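If you check TrEMBL, you get these features:
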type	residues	note
ACT_SITE	141	active site, phosphoserine intermediate
BINDING	97, 204, 206	Mg(2+) binding site
BINDING	97, 358, 362, 399, 400, 478	Zn(2+) 2 binding site
BINDING	353	Zn(2+) 1 binding site
SIGNAL	1-25	signal peptide
């Protein structure tokens, strides 16, 4: 009996070790690096095979009590929330350019796990915005910027004008009947301070939507702008809205500097110097910054306005940037708040754009894009922690999405940008993150077979790596599905439901009591 009991114990131990070995050698349960030799030989078994070993999820999620407790906690939060109908002294709109819902899901997994919550996903109210423009089902960032800031839908490629203006029609764009003021104009008229923060060119489509009226988003400098129309860079410094901006932080010195100073302005105007003169004329104490140290050293107590330009073109991707020379999106946002919060009487309007999310997706470089989502998440987190919900309305949204999908049955814990499933059709691994169009097609096409390259050994952690693509194009396109809208603060409950994208600034102006004369007024104005 004694020997039998010991034999039984040994059998149990060996069985456990065999099971553990099968699980630990199965990439359904552990993450292997891209260069691990096991990827080259391992072929997973399938759920319909007798030797199938299922992936193991987080053990704390197994009991029903985990999910019941999680749901009850959220239910309590929603039941105890009281609608905030105060006047919004401050408005902050934060735009994740190209940050569709698939980008958010992938970013959660990239940061930690799919059950992670991004900072803005914790906001009490959310909705969906329909993003099409007047003449395209899938918009560009100029038409969406016009919707987000001027409150109307318009044509592809134009900024701050109605759909009566076609792209590149200079004369039509000068017709005041077709020009539509942005929320920034009403904010400035109400005495509010105003600012723009972006990591793209400051003259790029989304930031330009706050201050420019132009028939082509490409008219960023004078060289390619028709005579008789002001380019976007000129409007930034001298336009009715631009000249009154208190914060301008981003990239894009090329359209503010003359060719003699390394810029692209053939009129030889030095708009950065002109900015300083304009601000002094406005009786402000201006500062300018060209690197991280200069920005962080600005003393808000003796400064009223800042022009910070940190790159000739767009600022570098977060993953590739030199942290000693370029400030992060969060650092720029923090400095903007330091200045804008000084207007205690009237408050402020601030736009923060995570613009390089979009560019990473255009290049099919998901890792670069997801790192930008992470930084955007941090910027939102900073804003929420350093403002007061009683008087500050924060709206977080995307201007559009991308045809970026997460496909295949990806086990928990697996790297979202790495191999996630296996195809028995061609006996090769599948990357779960992929795109519909773009340059990534060529990186994964095998001319010898006419099919796809074997993903085994692909260095998907290299920032230059492009995810698989279905159709070759010079760059990836946008997509037309609805985008998320997340809100916190006064009147944030207005942003629930499904609505047109151009509704967003109308609700923001209502909350802040700066609606046009024929708009609705809230009772607390």
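Here the Cβ of each residue, glycine as well, is placed from N, Cα and C on the backbone.
When the recorded positions 141, 204, 353 are ranked by how far their Cα is from the Cα of residue 400 (Zn(2+) 2 binding site), 141 comes first. Cα distances from residue 141 (active site, phosphoserine intermediate) to the binding-site residues 204, 362, 399, 478 are smallest for 399. Take the Cα of the residue listed as 'Zn(2+) 1 binding site' and measure to each of the binding-site residues 204, 362, 478: the nearest one is 204. Under DSSP, residue 353 (Zn(2+) 1 binding site) is assigned to a strand (E or B) in the three-state scheme. Residue 206 (Mg(2+) binding site) has its Cα within 10 Å of the Cα of these binding-site residues: 399, taken from 358, 362, 399, 478.
Put simply, residue 358 (Zn(2+) 2 binding site) is 5 Å from residue 97 (Mg(2+) binding site) when counted between their Cα atoms. Taking the Cα atom of each, residue 399 (Zn(2+) 2 binding site) and residue 204 (Mg(2+) binding site) are about 13 angstrom apart. Straight-line distance linking the Cα atoms of residue 478 (Zn(2+) 2 binding site) and residue 204 (Mg(2+) binding site), rounded to a whole number, equals 16 Å.
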